[in-house]
Every structure is written in structure tokens, then in C-alpha cells.
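Per Swiss-Prot, the features are as follows:
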- Tyr134: active site, proton donor/acceptor (ACT_SITE)
- Lys162: active site, schiff-base intermediate with substrate (ACT_SITE)
- Thr46, Ile205: pyruvate binding site (BINDING)
- Thr45: site 'Part of a proton relay during catalysis' (SITE)
- Tyr108: site 'Part of a proton relay during catalysis' (SITE)
Amino acid sequence: MRRLEGSMVAIVTPMKDGAVDLRALRDLTEWQLAEGTDGIVPCGTTGEGVTLTPAERADVIRTVIETVRGRALVIAGAGSNATHEAIESVKLAKTLGADAALVVTPYYNKPTQEGLFRHYQAIWEATRFPVVAYNVPSRTSVDLLPETVARLAKAGAIAGIKEATANMDRQVQLVEKVGKDAIAYLSGDDFTVLPYIACGGHGVISVIANVAPRAMKELVVAARSGDLAGALAKQAAMAELNRMMFVETNPGPVKAAVALLGRSGGELRLPLAPVSEASLAKVRDAMVRFGLKLA
């Protein structure tokens, strides 16, 4: 298995007239590779995976894999709050040729820690494919605790975790209980990439990399090489732009930002709605101040 590390993008899913725009997705993927991105993560939260049909998810993942052609990692979004559905999604990622699957903790039904353990264990037993557990309690209302991550790692059920709590004490606990390099530790929070890597993280699955991929790559490289002063300067420089990517619910602002770059339309699928004119102006201003060239 390839090492799951570096600067990865939670890539948006371009849409046009209500349908997935695969041509725009290919172009976005090629641009990400040209900018130095280490991994493409389709069909995650930012990629609106939960509102794609199964056929659309397959098309998106296949398009990314065929475009990448081994030049970067592909970690396919494959989560569900039904274990049997998650298993089928991970099997699809495996069949299509992804490097790993990103599997969010089950949402809405709020399983216990034992339920979470059995969920990921069942996926592993049914697929024998590398899984990155995705812990984002702010969206799912469940928290995959370090003790459970340690159980899963010991059982070989997960290859990594995308941790989106922005809690550095949590990351230290993970390293303590699981082991520094026992699994891949990937940040799911663009605001804390530097401290996360300093606490043993191996990289990031980033939202802002959709619009500033080279800047995120440079931040990750600086942090991983021990250039803390340089990394801090880069983290601080993108702080305002980071905030504006969440001025409304993700992925609304980032899709608007990608459209402002001229790289795809900003169309969203319901129940997500376009960002307001006021929010769009804030996004545009932050992009200009960061030095991005708008279309």
C-alpha cells in the first residue's frame, strides 16, 4: 500500500445544469496535479458525495482515477450510515482502483463506540481494502474516540484517520494510544495543519486546496520538514481565506471560489443553496487579498 501522506484535496464535484460535469472534473484534477497536490479525494463532504447517485459516485471516482493515472493518491469517499451500504461503496472504490477509501463515521443513527468498532471491522472483513476513518463530530454527532481508533488499528481494520476535530490534545492522545506511525494521521481542518503535523500528523485532506493547492502543498512541506517558522507564516497567510471558505456551509463558498477562478461553475445540489451575494463578496475579496488571479 502506498503511504497515505502529504497535501491532499477534498475535491469539489463540478455540476452543470443539474448533472455532474466530468470534463470539468478532469480539468480540475489535472490542475491539482500540476500544482503539486499529493492526493485527490473525491466524493467526500466537499465533493457532495451524499447527494450523488451511486452511478454518479462511480463516474466521479472512475474519472479521477483515470485522470490521475498513478501520479498521486486517490482516496475515494465511501461512507454511509448503513454498514452494508458502506461495504458496497468500499468494494466499488477497490474495484475502480483507488488507493484507499475514506469512510465517515455513521451519522444520524449515533452508534456507540462498540457500534463504531463493529462498523469499521465489518467493512474490513468484507473488503480487505485500506480504509481511512473520517471523524467529524460537528457533522455526524458521533465522535470516534482514541481508544476505539487504537482497537481498530490493532485489528488492522483501518489504515488511517482523517481527524476533523481541530483538537490537538486529541491528536496527541491518538499518537499515545495508537502509535506514531501505526496508521496515517490526516488533518481534516485547514486552520490547524501546522500544529496537527507538529503533533505527529502525516498530512491533510484540505478544502482550501481546491483554490490554493500550491500554497497548501508548501505549508505541508514546510511543516513536515521542521521549518516551523516558515510553516507558521504560510498558515497565517491563508487564515482569512480559510475563514471565508466556511463563511457559509461547505462546500458552498469553496465551489463559488472555484468558479471565480474560472475552473468550473459554482452549482450545488439541493438541499445546498448558492452562497448569498454578501458572502460571495467576502470570498472574492479574500481571494484577491491572498493573491489569487480571478477569471
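Just so it is clear, glycine is given a Cβ too, placed from its N, Cα and C backbone atoms.
For Tyr108 (site 'Part of a proton relay during catalysis') paired with Lys162 (active site, schiff-base intermediate with substrate), the C-alpha to C-alpha distance reads 19 Å.
Taking the recorded positions Thr46, Tyr108 in turn and counting surrounding C-beta atoms within 10 angstroms, the largest count is reached at Thr46. Secondary structure at Tyr134 (active site, proton donor/acceptor), as computed by DSSP, is strand. According to DSSP, Thr45 (site 'Part of a proton relay during catalysis') is assigned to coil rather than to any helix or strand.
For Lys162 (active site, schiff-base intermediate with substrate), the nearest of the recorded positions Thr45, Thr46, Tyr134, Ile205 in terms of C-alpha separation is Tyr134.
Sequence-distant contacts (6 or more apart, same chain, Cβ under 8 Å) of Tyr134 (active site, proton donor/acceptor) comprise Gly44, Gly79, Leu102, Val103, Val104, Thr105, Ile161, Lys162, Ala164, Gly188. Every protein chain shown contributes to the tally, and the Cβ of Thr45 (site 'Part of a proton relay during catalysis') ends up with 22 other Cβ atoms within 10 Å. In terms of local Cβ density within 10 Å, Ile205 ranks first among the recorded positions Lys162, Ile205.
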